[in-house]
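According to Swiss-Prot, the signal peptide annotation covers 1-26, on the basis of sequence analysis. The disulfide bond annotation in Swiss-Prot covers CYS51-CYS93, CYS82-CYS127, CYS86-CYS129. Marked as N-linked glycosylation site by Swiss-Prot: ASN100.
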Amino acid sequence: MNFLLSWVHWSLALLLYLHHAKWSQAAPMAEGDQKPHEVVKFMDVYQRSYCRPIETLVDIFQEYPDEIEYIFKPSCVPLMRCGGCCNDEGLECVPTEEFNITMQIMRIKPHQGQHIGEMSFLQHNKCECRPKKDRARQENPCGPCSERRKHLFVQDPQTCKCSCKNTDSRCKARQLELNERTCRCDKPRR
């Protein structure tokens, strides 16, 4: 009887081991490489879902809400933005390092024409999980770049320095000059 129980115990252990070995052969999760019915390993899921810069399609009107007279092609742009999960509900995924990237976008003004122009967008370079309440405290000491047209500015959260989303070359392409105080493209002074 002991032999029979021992044999059943070892047989079940072997079956469990073989079953686990079969399912743990799943390849690491890579975009497009995932096969149906494969089990993705915990560490692969964890690494891909944790707070990090990830390519995100951002609607241009979300970044430039006042430019309603144009139709943009493409209407959204791929930007690296912070996304993902933090291990605690009291934390959120926030950018700790940002920079501007300039892209060529077709700007169409209905019944007037179109041109390819440069537009500047904010990209996230590094992200961290930080306490939600600390983020509000961290942003407040800087104060706003401008009371009006805040969307025209980007602010470095560490130095509080404000810079323009518009670029000088973008303004010059429209025969205008960049006004660094207002971050708008103005007519040249004579």
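Residue numbering: from 1, along the chain as shown.
Cβ from N, Cα, C; glycine included.
With the fewest other Cβ atoms inside 10 Å of its Cβ, the least crowded of the disulfide-bonded residues CYS86, CYS127 in this structure is CYS86.
The Cα of ASN100 (N-linked glycosylation site) lies closest to that of CYS82, out of the disulfide-bonded residues CYS82, CYS93, CYS129. According to its DSSP assignment, CYS93 (disulfide bond) is in a strand. Long-range Cβ proximity for CYS82 (disulfide bond), meaning a same-chain Cβ under 8 A and a gap of 6 or more residues, is found for CYS51, ARG52, PRO53, ILE54, CYS93, VAL94, PRO95, HIS124, CYS127. Set side by side, the recorded positions CYS93, ASN100 differ in how many other CB atoms lie within 10 angstroms of their CB, and the most is found at CYS93.
In the structure as shown, the Cβ atom of CYS129 (disulfide bond) sits within 10 Å of 17 other Cβ atoms.
Other Cβ atoms within 10 Å of the Cβ of CYS51 (disulfide bond) number 19 in total over all chains.
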